[in-house]
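Q: Taken from Swiss-Prot, the feature domain 'ATP-grasp' applies to 104-287, supported by sequence analysis. The ATP binding site annotation in Swiss-Prot covers Lys141, Glu178, Tyr179, Asp187, Arg211, Ser212, Asn213. According to Swiss-Prot, the Mn(2+) 1 binding site annotation covers Asp248, Glu260, on the basis of sequence analysis. Taken from Swiss-Prot, the feature Mg(2+) 1 binding site applies to Asp248, Glu260. Positions annotated as Mn(2+) 2 binding site by Swiss-Prot, on the basis of sequence analysis: Glu260, Asn262.
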Amino acid sequence: MKIAVLSRNPRLYSTRRLVEAGTERGHEMVVVDTLRAYMNIASHKPQIHYRGKPLEGFDAVIPRIGASVTFYGCAVLRQFEMMGVFPLNESVAIARSRDKLRSLQLLSRRGIGLPVTGFAHSPDDIPDLIEMVNGAPLVIKVLEGTQGIGVVLCETATAAESVIEAFMGLKQNIMVQEYIKEAGGADIRCFVVGDKVIAAMKRQAKPGEFRSNLHRGGSASLIKITPEERMTALRAAKVMGLSVAGVDILRSNHGPLVMEVNSSPGLEGIETTTGKNVAGIIIEHIEKNGGPNMTRTKGKG
């Protein structure tokens, strides 16, 4: 197969591993810089051009679209879909998962466990918003944040009011969530491919920190997940419409709670921690499921 990898940087661990795994299995792997691809949309034959030449003959595309280029990246991916190229994750699903609020609303509608979450626009509603999530301590998250940036733990209601007011003053969209103390600064990253959780790791925040992101100095270790956690991760990925996803789960006193569903999960942490060939499993998934015009939305956007 001829497989495109949409990635800004061919030297990134995840991109390198996907290219290696695909090449080992006999595929032609081509890394395409997402922002350098440009499109002819209105022609009778949809096309993508790259460095002066049309991109042609691709069987599948693996999107590794960073949060900062979601809009343009999804447009390029959608164009691949219009050309009948099989996407590992569809543009519709990626756009859906990048909207944190929309994601939580969809997961909530399907009865998937979530931390109590509040969202408001007016500063006048802050006291009631804090009450709604069971008061302090609570967590405030900027909707556009990634890798733990823009996430604040407020120990008191007074501190929470000040932080929420500050974010609102900066015209930042934020959500307020209950703090799950019993999780102890740890979460579980479940790596979903197709209809299986193929690997899982526990991420523990460093001492004095509550954000467990590996980018924030958290440490990763092997973990055995429960059947309920496995089912929660699979259901969350399915609700978002993602074939490959990193589902972040907290262990709470009332069962597993989904924090986030990541449509472009990094491979380095999970491969290093579990010793599994995750990139190879992803390529196998494409071999089994890929084919011309195989998007679930049938390229309708």
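All positions are counted from 1 along the displayed chain.
Heads up, the Cβ atoms here are built off N, Cα and C, so glycines get one too.
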Q: Given the binding-site residues Lys141, Glu178, Asp187, Arg211, Asn213, find the one whose Cα is closest in space to the Cα of Asp248 (Mn(2+) 1 binding site).
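A: So, of the listed binding-site residues, the one sitting closest to Asp248 (Mn(2+) 1 binding site) is Asp187.
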Q: Could you say which of the binding-site residues Ser212, Asn213, Asn262 has its Cβ with the most other Cβ atoms inside 10 Å?
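A: By the 10 Å Cβ neighbour count, Ser212 comes out on top.
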Q: Taking 10 A as the limit, how many CB atoms besides its own sit near the CB of Glu178 (ATP binding site)?
A: 20
Q: Please classify the secondary structure at Ser212 (ATP binding site) using three-state DSSP.
A: coil
Q: In whole Å, how far is Ser212 (ATP binding site) from Glu260 (Mn(2+) 1 binding site) when you measure between their Cα atoms?
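A: Rounded to a whole number, the Cα-Cα distance is 13 Å.
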Q: Which state, by DSSP, holds Lys141 (ATP binding site): helix, strand or coil?
A: strand
Q: Which residues of the same chain, at least 6 positions away in sequence, have a Cβ lying under 8 Å from the Cβ of Asp187 (ATP binding site)?
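A: The list for Asp187 (ATP binding site) reads Lys202, Arg203, Ser212, Asp248, Ile249, Leu250, Met259, given in order along the sequence.
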Q: Take the C-alpha atoms of Lys141 (ATP binding site) and Asn262 (Mn(2+) 2 binding site) and report the distance between them in angstrom, rounded.
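A: That comes out at 16 Å between the alpha carbons.
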Q: Around Asp248 (Mn(2+) 1 binding site), how many other CB atoms lie within 10 A of its CB?
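A: So the number of other Cβ atoms within 10 Å of Asp248 (Mn(2+) 1 binding site) is 21.
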Q: What residue among the binding-site residues Lys141, Tyr179, Glu260 has the most other CB atoms lying within 10 A of its CB?
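A: Per the Cβ count, the most surrounded site is Lys141.
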Q: Measuring Cα to Cα, how many angstrom lie between Asn213 (ATP binding site) and Asn262 (Mn(2+) 2 binding site)?
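A: Taking the Cα atoms only, Asn213 (ATP binding site) lies 13 Å from Asn262 (Mn(2+) 2 binding site).
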